[in-house]
């Protein structure tokens, strides 16, 4: 074994960073054995140097992250600051000064992955980011490497623990969205401002990264259709149960049938209770992958948290250090397929639509005509009068597979019918 | 991209081999893009050269596997023959003549993994075998690489699809073992001689491989305790249901609490319905991993079949080819921890024991005394008289955690009691 240590600079020392530093110390012998050389924490860049950090030598702590990555003797920079800047500049500077980079930064990778990969390649360095998607779950490496000889057709995942906790709570208790969110906040599963989670921004960033890796095609954050889950109601869960389904916020990346284009989207959807993703409880994440040869795979585990994220960071750190000792780099960005990323209108799926309609003869015929005119084929219809006798009835339509554009056209036309008083909900049905 | 192709020799052209050859042809461009050079099928060694093999150039087919691996211009040998010999000699010869090796051979890896790894290392070549455990499920790479910075404490998996199909059928239909086996055979899930599957030999080989990788310790096939599932009855499933459990054939690799030793075992066990492994249906496989930092992870997918296994082989092929172009090798055997492998007696778990006892006062006290004398603490007891009034009652005891040795001692003593007419079943309870 080489005795001269590899030097690691840690950018950020919050929940994840402090756990990375801790494990680097407590598992130093293990890490050295797995890498073939010891690794040494050479510097820790923080915003608040006065904060006491157990187990970290204070002389390593600096507020000058730029100087740290410019030192020139750093082998690997671990970036766990998050956000776009200064993380982006620091990573680029790290490459320029000879370091490889391990990052957990999903927002940055989703927005600027192509440029960062190009910088890594220009300087012959590694950029690894297993921790950026689904926390501790080994996912990027299996997709990039284990399935490298296969053809992935769909990646469908629960990639945000906060929203899964809320939806699971609504499912198991019948609670409404606000009540479930309040509990998630009280238990620390949701942040004070939960927008990034509940509006699907976090999941959309992960969808962009996953789609890019799965389809060897650049997928930008802007390419991802995004719909949050704040409008999912207890009534939607009752409808889902009648269908033998539950509701999950899903990130779905699909290859089109002809193979020439891909789509990426995030929205709540009904999935059958028999689907492996339906039984993913609490704040856990899981990603379901369908490929030509391997068939159906699922990867399950904690999607967030200091220790799980640190586990993913350290796995990358070992790989990058090994590559460095070998004088090699791992697989870089793979965008050779360069497929078209199609807009949401071209996505084809099934829909569950609840309408409030006038409770009188002929309404169903009118509604069915609108669906037919837009080329959307109906699978089942359920009509029920209401006990309060307000002259309205509920009409629940489940469609066969149709394009999102056709469904949107259908709903617009339905809203113009006098007999349709309102569209109570539209929910996609996936996983069948 | 390099234009001179990497040369691949395929040993074996059965269900898996023919699928590997097919994908190498149909996905040639994809593979070249991912590797950075084209790959070329340079030879196929078979036993029956007269068999027509669609899509394979007959001039590549040979019956002389040894000559093929000795050619000297082969970059990677893909071994999908199975069994110990001639696979072992061919792999060793391949290393000696400059090739790296991708194998799907669990029996060989479990028995001779250490020697094969040593040969690979001596010649500076790669030995990859993702397909040897749990078919298409990316498992070895995540354990070896993604979790390389973490400490794995337990690996518990359903790693044999045939037995999971049989047990799932017994669970869902109430069928007995023989009836479920007959159905599995008729549907092609079980072989004409199902011994390797139902007696746990196949799962034991996989347990040895998994334990070695998870704990960085050599675990030989002989180190794995093995118990088949041919004695699991419909009554056991009824008992499991009363406990809120189902029964699975599990491969369990555990680190002891003090961290100094490990165990590996295969046997049927009750697991709670709420455990992620409980919902693994049909012939699917899944492996549940518990580690210090990552927490609980699960990997799910098809455990066998030509295409899924070929997917795993091709993922390895891409990695090995990339390493070769880089002039490097991937991580080799990691046995640095060299922990003691403890015998089954030291395994600590819970037990569900069904006894046929005399239906008279004082029996429970006698039985409870035997448990106490052997240091096995009882969690619950359920006693029921029998409607047929044969003077016997059933006594179901569920214990707290105890060592296998203590439990064995307890059962031996119970058998000697006059009032105990028989021990109907002993089942371990896992996953709580």
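The chain as shown is numbered from 1 upward.
Cβ from N, Cα, C; glycine included.
TrEMBL annotations:
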- A:206: active site, proton donor (ACT_SITE)
- A:11, A:12, A:13, A:14, A:15, A:16, A:17, A:18: NADP(+) binding site (BINDING)
- A:106: NADPH binding site (BINDING)
- A:191: L-homoserine binding site (BINDING)
- A:352-428: domain 'ACT' (DOMAIN)
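Between the C-alpha atoms of residue A:17 (NADP(+) binding site) and residue A:206 (active site, proton donor), the distance comes to 20 Å. With respect to their backbone Cα atoms, residue A:13 (NADP(+) binding site) and residue A:106 (NADPH binding site) stand 17 Å from each other. Neighbour count (other Cβ atoms within 10 Å of the Cβ, all protein chains): 24 for residue A:12 (NADP(+) binding site). When Cβ neighbours within 10 Å are tallied across all protein chains shown, the highest count among the binding-site residues A:14, A:17 belongs to A:17. Ranked by Cβ neighbours within 10 A across all protein chains shown, the recorded positions A:106, A:206 are led by A:206. Distance noted between the C-alpha atoms of residue A:18 (NADP(+) binding site) and residue A:106 (NADPH binding site) is 19 Å.
Within 10 Å of its Cβ, the residue among the binding-site residues A:13, A:15 with the fewest other Cβ atoms is A:15. Computed over the domain 'ACT' (A:352-428), the whole-number mean pLDDT of the model equals 92.
In the three-state DSSP reading, the residue listed as 'L-homoserine binding site' counts as coil. Sequence-distant neighbours of residue A:11 (NADP(+) binding site) (same chain, 6+ apart, CB under 8 A from its CB) are A:17, A:45, A:65, A:68, A:69, A:77, A:78, A:79, A:80, A:81, A:87, A:90. Between the alpha carbons (Cα) of residue A:14 (NADP(+) binding site) and residue A:206 (active site, proton donor) lies a span of roughly 21 Å. A Cβ within 8 Å of the Cβ centre of A:11, A:12, A:13, A:14, A:15, A:16, A:17, A:18, the residues given for NADP(+), is found for these other residues of the same chain: A:10, A:19, A:20, A:21, A:80, A:81. Here the Cα atom of the residue listed as 'NADPH binding site' is found 17 Å from that of residue A:191 (L-homoserine binding site).
Taking every protein chain shown into account, A:18, A:191 are the binding-site residues, and of these the Cβ with the most other Cβ atoms within 10 Å belongs to A:18. Between the CA atoms of residue A:15 (NADP(+) binding site) and residue A:191 (L-homoserine binding site) there is a gap of 14 Å. In sequence order, A:80, A:104, A:131, A:306, A:309, A:310, A:313 make up the list of same-chain residues 6 or more apart from residue A:16 (NADP(+) binding site) whose Cβ falls under 8 Å from its Cβ. For the domain 'ACT' (A:352-428), the number of residues in each DSSP class (helix H, G, I; strand E, B; coil) is 24 helix, 34 strand, 19 coil.
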